Amino acid sequence: MMFLLFLVTDFFFSGLVRSNVRVDLSELPFYFSGAVYLIGDEFFPCLVCIAKSSCISTRVIHSLEAMGCLCSKQKPVRTSDAEENAKAAEIEKRIAQEATAEKHIQKVLLLGAGESGKSTIFKQIRLLFQTGFDEAELRSYIPVIHANVFQTIKILYDGAKEFAQNETDSLKYVVSLENKVIGEKLSEIGGRLDYPCLTMELADEIETLWNDTAIQETLSRGNLIQVPDCAQYFMKSLRRVSDANYVPTKEDVLYARIRTTGVAEIQFSPVGENKRNGEVYKLFDAGGQRNERRKWIHLFEGYDQALFEDETKNRMMETKALFDWVLKQPCFEKTSFMLFLNKFDIFEEKALKVPLSVCEWFKDYQPVSSGKQEVEHAYEFVKKKFEELYFQSSGPERVDRVFKIYRTTALDQKLIKKTIKLVDETLRRRNLLEAGLL
Amino acid sequence: MSVAELKERHEAATAAVDSLRERLRQKRQMLLDNDLVGYSRTQGRAAISFSSTDLVCCRTLQGHTGKVYSLDWSPERNRIVSASQDGRLIVWNALTSQKTHAIKLPCAWVMTCAFSPNGQSVASGGLDSGCSIFNLNFQIDRDGNIPVARFLSGHKGYVSSCQYVPDDETHLVTGSGDQTCILWDVTTGQRLSVFGGEFPSGHTADVLSISINGSNSKMFVSGSCDSTARLWDARIASRAVHTFHGHKGDVNTVKFFPDGQRFGTGSDDGACRLFDVRTGHQLQVYQQQQQQGDNSADSPIVTSIAFSISGRLLFAAYSNGNCYVWDTLVGKVVLNLGAVQNSHEGRISCLGLSADGSALCTGSWDRTLKIWAFGGHRRVM
């Protein structure tokens, strides 16, 4: 059985930055978890939904049984040695065994762009349901964390320079003279392919630059220049991470940002202790691919249509288009969807600063109050919009599929654990329903 | 220079490139006085008469539990390797239709497979952004699997296509979603050359297919999502020898003509084209005329092509389950393998001709492979 899990990230958002040319997005604010890290990435927002496609295992078993009969109907087999026959039979038996074993594994695919939180979910699952990370693995993240530090400070410094050139109130982005020297040096380091080790001296310099008011101003407009999420977190711990005996903590590892290539996969069972009752899940993350999704997405499902990403559309609208498209696919007719509105903590922050109505889809939004109430209200509004879309795009024959919306913060372990348990329960209930037992 | 100025210059440069390209296209159009079909007509060539008994399905290979994506014949000994969505490579004995090997891949998302020239190894590539090499003579482990002999990593995107250099099992060419092609030394795992990437004459979108010239293994052609096919000289990685325009959609498949002077392409625009390597011109378009009122968005795309050993026949598989056999000289479809008895039930995703040209194998999304042999008085075409 195959499931699809899309991850919705930062939910409102504007301008997709595809090339090194930065578009001025000041009139389009975005609620956003921070920038997408590497300039030139393709962004693709995603919805987390869990889909179940039709089970093919019974058909497979039948065809394997039939195979034996079919072979003999064809042209007379040359009297090949008994050995070849035996080997072939052995292979067929193994394939059948593997197919039955796989039937019990629920496969979940996480689709999403960088920065939507997929790798974080992977790490969380390792921590929650597997043995987590051992010391050697924790240490292996040190170069990644150091790299993140260099990359962050470079982005901030270069960003400040650019704002100083182009912004109307440019003076506040001008870095002080002493810090300029540091800045140029760090910018050069950050631009290299291989980063040096983060020593105490370098850490001190970085901290000095970080404390420059110009840099802090630039940080406040971080979404324009793609400052990574982990910026604040690592910058506040510079001393710790540059220590010679530094061993990253689990939280550090969760924040560390590395680009995944290929397909990452992880197998786990939510009900760890009692394996018999718990379903076994296998999670795949193909988000590292920065290319034409339509050329490989069929590996996961049966659809062949192309979904074009328009560079001029804003990310929320793309999410809307993708969700709409996915809902209409015939192969997902009986599929349940669970929408994870991720990075909720960031949403909370931004919802109070920028009105929702700026996003085209939410233009009929009216703020009612302020503070926590406002955040809740805004969230409910977004939720309602997705629900409307879901019902609009689902024909009458699709009534028996389930649609649920959850809010998540991939970095919050408790929340992830709770969410996965909920997902697991829902899926198991569906399975029981289908088997006619409920 | 400010950002705004950079943008302006960028736009001006793009406009200049586009207008130059348009002029090139028009010039080529002017030079094209004839196409292959037109010429054959003047020579009085008639289409081959082909009846449905001339090419029959003589074997159906079953065993995959997922869609078949790719297949390759071994250069001798009549074996076929196929890759499927179920994450397995299966090696078949084409004559007896028995499975000789079934390899469960470490990364299930496989998109391509290839047989080595000596028939001892198979290569596969896919979403893991690398190419795995398996030696078929290796001992199988407890789970019955063959371990990976070598993993060629270095691509930054999925590997869509791979092929061993003819008669040379130490070299392999791969095409990838990261817009580059790479020539590898299999024994060391090193990248010998990267075609495209930072170099301006490389593809500007995912590379979907490659084909090495059988007569001159230093040349190969690649087809890409940027609607072009590019010819490369393996010795010169810095620029493509030539870029072939003409298609209006992703070029999904490219295949060299048997004599190595031409190559065919198949695309999302539903057409196959034949290009000449020496002049860089398009020789012929092979396309079914659309019925009136057909929604162009539903027109079938070409998924895979192959030439018969003389080149007279072009086999083209489409996404709607059809598999047309085109007479390349006359430009007519002489047979549709998708409509005969015992044909595939789903889209045909790959096809390939055996080394001696006596059989065609097709792989489909219906999870089977079929071997078609020339019947009647024809042994080879």
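Counting begins at 1 with the first residue displayed.
Any Cβ shown, glycine's included, is placed from N, Cα and C.
Pulled from TrEMBL:
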SIGNAL    A:1-19  signal peptide
BINDING   A:115-120, A:D229, A:254-260, A:285-289, A:342-345, A:A410  GTP binding site
BINDING   A:S119, A:T260  Mg(2+) binding site
In chain order, residues whose C-beta lies under 8 angstroms from the C-beta of A:F344 (GTP binding site), counting only those at least six residues away in the same chain, are A:Y379, A:R407, A:T408, A:T409
A:F344 (GTP binding site) -> DSSP, reduced to three states, gives helix
Within the same chain, the residues at least 6 apart in sequence whose Cβ is under 8 angstroms from that of A:A256 (GTP binding site) are A:Y141, A:V144, A:I145, A:N148, A:C230, A:P248
Simplified DSSP label at A:A256 (GTP binding site) comes out coil
